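As recorded in TrEMBL, the features of this protein are as follows:
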| type | residues | note |
| --- | --- | --- |
| SIGNAL | 1-32 | signal peptide |
| DOMAIN | 38-88 | domain 'Leucine-rich repeat-containing N-terminal plant-type' |
Amino acid sequence: MKSCSAMESTSCLKFSLMSLIWIIVLMNEMHGYKGCLETERTALLEIKSFFISVSDIGYDDEILPSWVGEDDGMSSDCCDDWEGVMCNATTRRVMQLSLNNTRRLKYYDRTSASLLINMSLFHPFEELQRLDLPGNWFTGFYKNRAYDSFGSLKQLKMLNLGANFFNDNILPYLNTLTSLTTLILSDNSIEGSRTKQGLANLRYLQVLDLSGNFNITSGSLTRLGLANLTNLKKLYLDQCGITTIQGLANLTNLQVLVLSDNRNLTTIAHVGLADLPNLKALDLGYCGITTIQGI
Ligand SMILES: *[C@@H]1O[C@H](CO)[C@@H](O)[C@H](O)[C@H]1NC(C)=O
Ligand SMILES: *[C@@H]1O[C@H](CO)[C@@H](O)[C@H](O)[C@H]1NC(C)=O
Ligand SMILES: *[C@@H]1O[C@H](CO)[C@@H](O)[C@H](O)[C@H]1NC(C)=O
Ligand SMILES: *[C@@H]1O[C@H](CO)[C@@H](O)[C@H](O)[C@H]1NC(C)=O
Ligand SMILES: *[C@@H]1O[C@H](CO)[C@@H](O)[C@H](O)[C@H]1NC(C)=O
Ligand SMILES: *[C@@H]1O[C@H](CO)[C@@H](O)[C@H](O)[C@H]1NC(C)=O
Ligand SMILES: *[C@@H]1O[C@H](CO)[C@@H](O)[C@H](O)[C@H]1NC(C)=O
C-alpha cells in the first residue's frame, strides 16, 4: 500500500479530507431524502391526469395544482408538499389520500356528469389507510372482477364515497374490503333492493353512514346485511325512506343511531331499545313517530 511520503503529505491529507467531506455530504443527502416512493409519485400523477381528463376544459390549473412532476422546474416532495397526501413518517408511503370535490364541472348535469372510476388507479398504495373521494359525480366502478377491484388495498380502514351517484352495483365490490372500519356512503343512490349480500362481510365496520340515500326502504336494511355488522358503533340512516327498523336488533354494540328525517317512520317498536344496551344517542327528529314504547 502506497502511503503519503513526507513531501506529498500536505496534498495527500487534502485529498483524504476532500473524500471524507464528500462521503459525509453524500450520506447526508441519502439520509435527508424523504420523498415518497417513485411508484407512488407516478401513480399520484396518473390520478391527477385522470381528474383533469374527466373535468371540463379550463380547470387544468385548478386541479391538484401542488401535484407537480420533477420536470416542472422545482423539486417537490409528494409527502410534504402535495395537498391531500399524507405519508407514513417512517416508510414514506402514502397513508391517506383526500380527493374531495376534485373533479371540476361547469354546471350540475347529472346525465352528462356520470362517470365510472377505475379503482386500479389506487392499487400502488399498499399502505393506504384512508381514501376520501366525495363530491366527484361518480356513478360506479369499472367492472374489474369484484374480488380484485381494490387489489392491494389491504390496510384500508376508512373509505369515503359520499356525495356521488353510486348505486347498488358497487356493493359487491365494497363487500370485499374487509379491513374497513369506517364507510361513508351518504348522499348516493344506494337502495339495497338489488343486492344479495349487501355489506354483510364487513365485520370490522364500526361506522356506517348511509344518510341521504332516499330510496333505502325498510326491507333494504336486512338485504344490506346490516344485521351481520355486529361491531357497528355508529349508524346513520337519516333521510332514507325507511318506515320500520326491522333488522337492527342484533347491533348490540350500537352507540349512536341516527334515524331523523324519515317522515314515514312511525314506529321503532321492532327494535326494542332494550336490545341496544350501549346506545348513547338516538336521533328521531322529523320522523313520523307518535308513540314511543319500551324506553
Ligand atoms: C408507519 O409504518 C411503520 C412501519 O411499517 C409502522 O410501524 C407504523 O405503525 C406506521 N405508522 C402509522 C401511523 O400507521
Ligand atoms: C374530505 O371530506 C370529508 C367529509 O366528506 C372531510 O371529513 C375531510 O376532512 C375532507 N378532507 C379534506 C382534505 O378537506
Ligand atoms: C384500469 O386501470 C388499469 C391500470 O391502470 C388498467 O390496466 C385497466 O385496463 C383499466 N381498466 C379499464 C376498464 O379502464
Ligand atoms: C328513487 O327512486 C325514484 C323512483 O324509482 C327515482 O326517480 C329517484 O331518482 C331515486 N332517487 C335516488 C336518490 O336514487
Ligand atoms: C349473516 O348472518 C347470518 C345469520 O347469522 C348468517 O347465516 C350469514 O352467514 C351471515 N353472513 C355473512 C356474510 O357473514
Ligand atoms: C340476529 O339475532 C337473532 C336472535 O338472536 C338470530 O337468530 C339471528 O341469526 C341474528 N341475525 C344475524 C344476521 O346475525
Ligand atoms: C310517505 O308515504 C307516502 C304514502 O306511501 C308517500 O306518498 C310519500 O312519498 C312518503 N314520504 C316519504 C318522505 O318517503
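Using the three backbone atoms N, Cα and C, a Cβ is placed for every residue, glycine included.
The shown structure was predicted, so the numbers you read here are calculated from the model rather than taken from an experiment.
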- Note on the structure: In the domain 'Leucine-rich repeat-containing N-terminal plant-type' (38-88), averaged pLDDT is 90
- Message: Quick check on the domain 'Leucine-rich repeat-containing N-terminal plant-type' (38-88): DSSP residue counts for helix, strand, coil, in that order please.
- Response: 22 helix, 3 strand, 26 coil
